[in-house]
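Chemist: Okay, handing you the structure first.
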Amino acid sequence: MISDPGLLVLVGTLALATAVGLVVRARAGRMRTGGAASGGWALAGTAPAASDRVLLLQLSSPVCTPCRRTAELLTDLSARRPGVVHLEIDVAERPDVARELSVMRTPTVVAFTRDGAELLRISGVPRLPELEAAIAPRLTGTGSA
Amino acid sequence: MSTPAAPARRDPPVDPRGVRFSAALTTLVLALVLVSGSGWLLGAQALVFALGSIAGLRFSPYAVLFRVLVAPRLRPPTEREEAAPVRFSQTVGLVFAVIGTVGYLAGLTGLGIVATAFALAAAFLNAAFGFCLGCELYAVIARFRKNNQQGATA
């Protein structure tokens, strides 16, 4: 019975899919730093106002349920924390931005400092306390690079 | 295939719990296909995919089961999901199920097994993790389609 190829493939497929699922779940919403993207404000077609410190550039697609939840979270965050700007870009409208930032999945949020350097990025719905703690140091002081 | 893309987008949003319920049933059926090697069972699953993909998600037998048997026992959904990517994922499932059915019935068992395994992996990821492979694919394809339209920017 164990030598039945269908059964072997069944067990193998479920094992592989479980591994993939666990990796995807573990990465979802987690921050990654070390990205070297720059020019975030320009990509979004804007420039920081005097009091702006951090840009949360959200890349979304039109049909994407977690994108809506992410937008709600970040709209709320930018309303609560002065200096935080949240902008959303539709990758279907602006594939060039997705290419420039090497973003394959939506939602992906790329955080930029005032001078446009990448601070961190998150794919999936962000874990808010983690994100807030990470950008907090950038919200104080003059915000110079 | 005569239906243009626009009506698909007008599908009402769907209950994500129903999508996962359907994926769980699909996983079960595809696992049985692999164990039994039955091309006819895979053909039946292809028909289920075809109804969801071509007629619309609410015509899928699994969605009907969810509406009649499961949904009345649950609280109303707190969120809803866009139907278009889910419907697209049914189309992807349909392609694999048709290839697999042809394989099994034509005696190309290896082809049947491999095609079924791909569909099974996608259905299982959705059922167990809520991760919709077909929906991700939909977003990627939407991007490249747009890229091609713009042409010169590539």
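The backbone N, Cα and C atoms fix where each Cβ goes, and this holds for glycine too.
TrEMBL does not curate its annotations; it predicts them automatically.
Keep in mind it's a predicted model, so treat the numbers as computed, not measured.
Heads up, here are the entries from TrEMBL:
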DOMAIN    B:14-143  domain 'DUF4395'
TRANSMEM  B:21-42  transmembrane segment
TRANSMEM  B:48-70  transmembrane segment
TRANSMEM  B:91-111  transmembrane segment
TRANSMEM  B:117-141  transmembrane segment
Chemist: What is the three-state DSSP composition of the domain 'DUF4395' (B:14-143), stated as helix, strand and coil residue counts?
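Modeler: Computed counts for the domain 'DUF4395' (B:14-143) are 109 helix, 2 strand, 19 coil.
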Chemist: Let me know the model's mean pLDDT on the domain 'DUF4395' (B:14-143).
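Modeler: For the domain 'DUF4395' (B:14-143), the model's average pLDDT rounds to 92.
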